[in-house]
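Q: Okay, here's the structure, questions in a sec.
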Amino acid sequence: MRVTMRRVLLAVGSVVALMVTLHLGQQVLECQHVLSKRRHRLMRPENEELVMVDSNHVEYRYSKEMPLIFIGGVPRSGTTLMRAMLDAHPEVRCGEETRIIPRVLAMRQAWSKSGREKMRLDEAGVTDQVLDAAMQAFILEVIAKHGEPARYLCNKDPFTLKSSVYLSRLFPNSKFLLMVRDGRASVHSMITRKVTIAGFDLNCYRDCLTKWNKAIEVMYSQCLEIGRSRCLPVYYEQLVLHPEQSMHAIMKFLGISWSDTVLHHEELIGKPGGVSLSKIERSTDQVIKPVNMEALSKWIGHIPGDVLQDMAHIAPMLARLGYDPYANPPNYGHPDPLVVNNTHRVLKGDYKTPANLKGHLQVTQNTSSSH
């Protein structure tokens with residue numbers, strides 16, 4: 001009887017142990033499945049959204065699919081004016097230069113160009129797919145969180161447009177505004193305002209014009225490669241002479257509804273939901289003024305004669321972009337009456353730098369890289 005009872009208990013115990021084992025096994029499998037799903041979700045940041053809430057408790061969702069706007073060009077080509085005019089729109093926020101985005105883009109480009117470095121990264125599992133996902137997340141985070149939320153976000157870092165083809169792949173619905181300005185004016189502005197740019201010798205017009213030509217050639221070529229539906233060259237001179245016509249074309253290109261506020265950005269400087277300016281950006285003291293012609297032809301009479309004679313060879317992009325390399329002064333066109341009036345008021349001294357923006361404008365230089 002004892003033996004029989006012992007066998008029964010042993011059999012029952014074995015069955016219970018088997019059931020417990022099966023149950024635990026099922027639980028382990030279920031946990032692994034859940035964890036696998038979580039890991040898969042966590043490892044795909046490009047599918048996630050950033051959620052931000054403004055002061056009125058309106059929620060905004062941002063992702064790689066959003067219609068980001070990138071403004072760029074060679075420094076001193078009107079990028080700050082362009083972003084200030086867009087910033088004046090009630091549904092757009094650009095904000096100050098982040099400075100960091102063009103630098104990480106340059107690093108990403110360097111990793112791709114170096115065959116040895118790319119091989120090391122691939123061996124370590126840091127593939128192009130991994131890097132691109134990280135770049136997407138990083139760039140979106142910086143653009144979204146360095147200012148107030150808005151329906152449309154834009155970024156203005158001049159040299160980002162040296163990577164516009166790459167950015168167009170990271171953000172498939174993004175659009176690009178390439179600011180184009182007479183290189184002679186851009187270079188004269190760099191030199192006289194002491195805007196330090198890596199690789200540019202501010203003591204030499206010839207060197208700066210050569211570097212300008214190289215930089216704008218890269219940006220313009222990438223703009224053409226992206227295509228007219230994604231990248232719009234915006235001529236600074238035409239924006240200044242005909243702001244309303246130019247801004248209508250720009251807003252149509254961006255698919256954003258029209259607002260007259262884009263023609264009066266100076267009235268929204270420092271106001272909530274308006275135009276935020278940096279004390280240390282070199283263009284701040286200019287964009288506090290309305291659109292005017294004051295800076296259009298300041299370069300005339302300052303470029304050395306030997307450089308003027310060789311202009312077509314030093315900067316062939318001038319002719320390619322539609323400028324006459326031998327016209328001194330060139331004929332940029334006739335201004336709208338509004339611009340004429342604005343210019344008279346500026347020359348009279350009607351616009352002064354606000355007290356909250358004084359103190360740093362003349363001592364801090366732009367250290368953007370041309371690489």
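Glycine is no exception: its Cβ is also placed from the backbone N, Cα and C atoms.
What Swiss-Prot lists as topological domain 'Cytoplasmic' is 1-8. Residues annotated as transmembrane segment in Swiss-Prot: 9-25. Annotated topological domain 'Lumenal' per Swiss-Prot: 26-371, in sequence order, evidence recorded as sequence analysis. Residues or ranges marked as 3'-phosphoadenylyl sulfate binding site by Swiss-Prot on the basis of similarity to another entry: 76-80, ARG181, SER189, ARG193, TYR236, 283-292, LYS298. Here Swiss-Prot flags GLU97 as active site, proton donor/acceptor. Taken from Swiss-Prot, the feature region 'Interaction with peptide substrate' covers 99-103. Annotated site 'Transition state stabilizer' per Swiss-Prot: LYS156, SER283, in sequence order, evidence recorded as similarity to another entry. Annotation comment: Swiss-Prot describes ASN341, ASN366 as N-linked glycosylation site.
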Q: Give me the CA-CA distance between SER189 (3'-phosphoadenylyl sulfate binding site) and LYS156 (site 'Transition state stabilizer'), in Å, as a whole number.
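A: Answer for this pair: 19 Å between alpha carbons.
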Q: Return one of helix, strand or coil for LYS156 (site 'Transition state stabilizer'), based on DSSP.
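A: Note: LYS156 (site 'Transition state stabilizer') is in a strand by DSSP.
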Q: Under 8 Å Cβ to Cβ from ASN292 (3'-phosphoadenylyl sulfate binding site), same chain, six or more residues apart: give me those in sequence order, or none if nothing qualifies.
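A: Looking at Cβ-Cβ distances below 8 Å from ASN292 (3'-phosphoadenylyl sulfate binding site), excluding near sequence neighbours, one finds VAL240, VAL339, ASN342, THR343, ARG345, VAL346.
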Q: Determine the minimum-neighbour residue: among THR79, SER189, SER283, listed as binding-site residues, which Cβ has the fewest other Cβ atoms within 10 angstroms?
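A: Comparing Cβ neighbour counts within 10 Å for the binding-site residues THR79, SER189, SER283 gives SER189.
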Q: Look at the recorded positions GLN286, ASN341 and tell me which residue has the greatest number of other C-beta atoms within 10 angstroms of its C-beta.
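A: Output for this query is GLN286.
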Q: How long is the line from the C-alpha of GLU97 (active site, proton donor/acceptor) to the C-alpha of GLN286 (3'-phosphoadenylyl sulfate binding site), rounded to the nearest angstrom?
A: 16
Q: If one measures from the C-alpha of LYS289 (3'-phosphoadenylyl sulfate binding site) to the C-alpha of LYS156 (site 'Transition state stabilizer'), what distance in angstrom results, rounded to a whole number?
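A: A Cα-Cα distance of 19 Å.
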Q: Could you put numbers on the helix, strand and coil content of the region 'Interaction with peptide substrate' (99-103), residue by residue per DSSP?
A: 4 helix, 0 strand, 1 coil
Q: Long-range same-chain neighbours of LYS156 (site 'Transition state stabilizer'), Cβ under 8 Å, sequence gap at least 6?
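A: Looking at Cβ-Cβ distances below 8 Å from LYS156 (site 'Transition state stabilizer'), excluding near sequence neighbours, one finds ILE71, GLY72, THR79, THR80, MET82, ARG83, CYS94, GLY95, GLU96, GLU97.
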Q: Measuring Cα to Cα, how many Å separate GLN286 (3'-phosphoadenylyl sulfate binding site) from ASN341 (N-linked glycosylation site)?
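A: With distance taken Cα to Cα, ASN341 (N-linked glycosylation site) is 17 Å from GLN286 (3'-phosphoadenylyl sulfate binding site).
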Q: Counting only other Cβ atoms and using a 10 Å cut-off, which of the binding-site residues ARG76, LYS289 scores lowest?
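A: LYS289, out of the binding-site residues ARG76, LYS289, has the fewest neighbouring Cβ atoms within 10 Å.
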Q: I need the CA-to-CA distance for ASN341 (N-linked glycosylation site) versus ARG76 (3'-phosphoadenylyl sulfate binding site), whole Å please.
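A: Cα to Cα, ASN341 (N-linked glycosylation site) and ARG76 (3'-phosphoadenylyl sulfate binding site) are separated by 24 Å.
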Q: DSSP three-state call for THR79 (3'-phosphoadenylyl sulfate binding site): helix, strand or coil?
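A: Its secondary structure by DSSP: helix.
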